[in-house]
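Right, one structure below, let's go through it.
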Amino acid sequence: MNPAPVIAVVGPSGVGKDSVMAALAARDPRIRLVRRVITRRSEAGGEPFEGVSEEEFARRIAAGSFVLHWSAHGLRYGIPAAITDLRRDARAVLVNLSRSVLAEAEHAFGNFAVISLTARPELLAARLAARGREDEAQRTQRLSRAALSLPDGLSRVIEIDNSGSLDDTVDAILSQLQPERA
Ligand SMILES: Nc1ncnc2c1ncn2[C@@H]1O[C@H](COP(=O)(O)OP(=O)(O)OP(=O)(O)O)[C@@H](O)[C@H]1O
Ligand SMILES: O=P(O)(O)OC[C@H]1O[C@H](OP(=O)(O)O)[C@H](O)[C@@H]1O
């Protein structure tokens, strides 16, 4: 069987990427999530991730442990090579990516689609404040990247508005994914 598609979930900070990914995996156990490696304290909360030091992150790059890595918000993020195993027995593998690495990701994964989440601007600020993981200066810095556009040339981009309920968003995404390994 061909490897399952990798579906990048992208969009501005606070739009709901991690929430939508968790809700999709809860709805369909064959939708699998990638656990990212991040140079952030493991206790920070939010998504399940592996927190490592800068030194450990650099060691893993040198060892070829990542299929993709990038920097944003003063942090480093890596997608472990183990994503290849996840793709063997899944309907789709979801991964939270920076919009800045999408062209590289399409090249690396081949069978690749992008779910670009949007939400009304006032909701982004309110959701980040309610989540409480960052202080006000960090939230302002994150919101300043909200309008970053996607690169040209991606083969498959599905834009979904997450201004409403999570359930509505999950329904909208699943109806668009039906043709893929349903
Ligand atoms: N549809 C929704 N309705 C109401 N609240 C939502 C919805 N989606 C997400 N949220 C809330 O918004 C906050 C931000 O969501 P989440 O952490 O999933 O966003 P994110 O896009 O992953 O952000 P970041 O890139 O900063 O990690 C969370 O507190 C989450 O509970
Ligand atoms: O703004 P862009 O480059 O699209 O995304 C930058 C980074 O911000 C988010 O990280 P986090 O989940 O908030 O730590 C994304 O997942 C990405 O890693």
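Backbone N, Cα and C atoms are what each Cβ position is placed from, and that goes for glycine too.
Please treat TrEMBL annotations as automatic predictions, because they have not gone through curation.
Taken from TrEMBL, the feature domain 'Guanylate kinase-like' covers 4-178. When pLDDT is averaged over the domain 'Guanylate kinase-like' (4-178), the result is 95.
Pro12 (ATP binding site) falls outside any helix or strand according to DSSP and counts as coil. For Pro12 (ATP binding site), the same-chain residues 6+ apart in sequence whose C-beta sits under 8 angstroms from its C-beta are Ala119, Leu124, Arg142, Leu143, Arg145, Ala146, Ala147, Leu148. Taken from TrEMBL, the feature ATP binding site covers Gly11, Pro12, Ser13, Gly14, Val15, Gly16, Lys17, Asp18.
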| What three-state class does DSSP give Lys17 (ATP binding site)? | helix
| request: Measure from the Cβ of Gly16 (ATP binding site) and count the other Cβ atoms within 10 Å, all protein chains considered. | output: 23
| query | Which are the residues of the chain, Gly11, Pro12, Ser13, Gly14, Val15, Gly16, Lys17, Asp18 excluded, whose CB is within 8 A of where the CB atoms of the ATP site average out, their centroid? | reply | Leu117, Ala119, Leu124, Arg127, Asn162
| field | Annotated binding-site residues Gly11, Gly14, Val15, Gly16, filtered by Cβ under 6 Å to ligand 2 | value | none
